[in-house]
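The next block holds one structure in the form of structure tokens; read it before the comments.
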Amino acid sequence: MIKLGSHISFKSPNYLLGAAAESVNNKANCMMIYLGAPQTTKRVSVEKYKYNEYLEKYSKLITPDDIIVHAPYIVNPSSVSKNKFAIDFLVQEIEKMNYIGAKYLVLHPGSYTTFSVQESLDTFIASVKQILSRTKDVVICVETMAGKGAEVGINFDQINYFIHKIRNDRFAVCLDTCHIFDAGYDIRKYEEFKAEINKYNLLPHIKVIHLNDSKNSLGSHKDRHANIDKGFIGLETLAKFVHDPDFDNIPIILETPWVDNKPIYDQEIKMLLEHKAK
């Protein structure tokens, strides 16, 4: 089954109910939310989520398992000096996810800032292990990054290092098409890309996909998302992800820009579902 949806606003007054309603209107069967603004750690009480109303009206169309939560950008679990804040906050975030039954937390691995890359990779691993030990049920999906600035998690070697050091069924991967393209993986050569995935045995670990075109060329390390078929990747390649049987039942989430101050996820979902890749 194809699971296709988008990032959707989770906001007052309807929160989960409103997000699900908008997603269903877009003909989506999964969705991704932030439990607050991506740039802050400010959160409202779970009692405001309108969870019971969502369950009654939309849970058969978008199940709790298909509600992806994205951690805010500002936590840095790879920082040797700031990872304690990230750990404590993410434990609380997962507890909120437990309340609504959400299964996957997408997490940027962070950046090495003034420390070495290896120190930051190992700090991320230690942070995730501690978060997992203090929580239950939720799967942390490390997102593949574009290599902008001091980011870590920017290639399959680093992602594979995380997987093999953490070794936990509650740790997985979120594959972002714009990010890996900007990091230098030419996904337009789709079969070669799939072979690279298989070389690292990453396929069983991919639990979420972010499907975005890229405003910049291959290997640019920029991380600027483009609308579907408006960037350097193109519809033909992106549709292959949607229709690939290897990615059946994996939530595929659009994070594309708004056009004229409004989202066009409904149009992009329709385009991707109708385009049978060659």
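From the backbone N, Cα and C atoms, a Cβ is placed for every residue, glycine too.
Quick caveat, the model's predicted, so the values are computed rather than measured.
Swiss-Prot lists His70, His108, Glu143 with the feature Zn(2+) 1 binding site, giving sequence analysis as the kind of evidence. Residue environment of Glu143 (Zn(2+) 1 binding site) contains 20 other Cβ atoms, counted within 10 Å of its Cβ in all protein chains.
As annotated by Swiss-Prot, Zn(2+) 2 binding site applies to Glu143, Asp176, His210, Glu255. In three-state terms derived from DSSP, His210 (Zn(2+) 2 binding site) belongs to an extended strand segment. Long-range neighbours of His210 (Zn(2+) 2 binding site) (same chain, six or more residues apart, CB within less than 8 Å of its CB): Val106, Glu143, Cys174, Leu175, Asp176, Thr177, Cys178, His179, Ile253, Leu254, Glu255.
The Zn(2+) 3 binding site annotation in Swiss-Prot covers His179, Asp223, His225 and is backed by sequence analysis. For His225 (Zn(2+) 3 binding site), the same-chain residues 6+ apart in sequence whose C-beta sits under 8 angstroms from its C-beta are Cys178, Asn212, Asp213, Ser214, Lys215, Gly231, Glu255, Thr256, Pro257.
Each of the binding-site residues His70, His179 was scored by other CB atoms within 10 A of its CB, and the lowest score goes to His70. Between the CA atoms of Asp223 (Zn(2+) 3 binding site) and His70 (Zn(2+) 1 binding site) there is a gap of 17 Å. Here the binding-site residues are Asp176, Asp223, Glu255, and the one whose Cβ sees the fewest other Cβ atoms within 10 Å is Glu255. Neighbours of His108 (Zn(2+) 1 binding site), defined as other CB atoms within 10 A of its CB across all chains, total 24.
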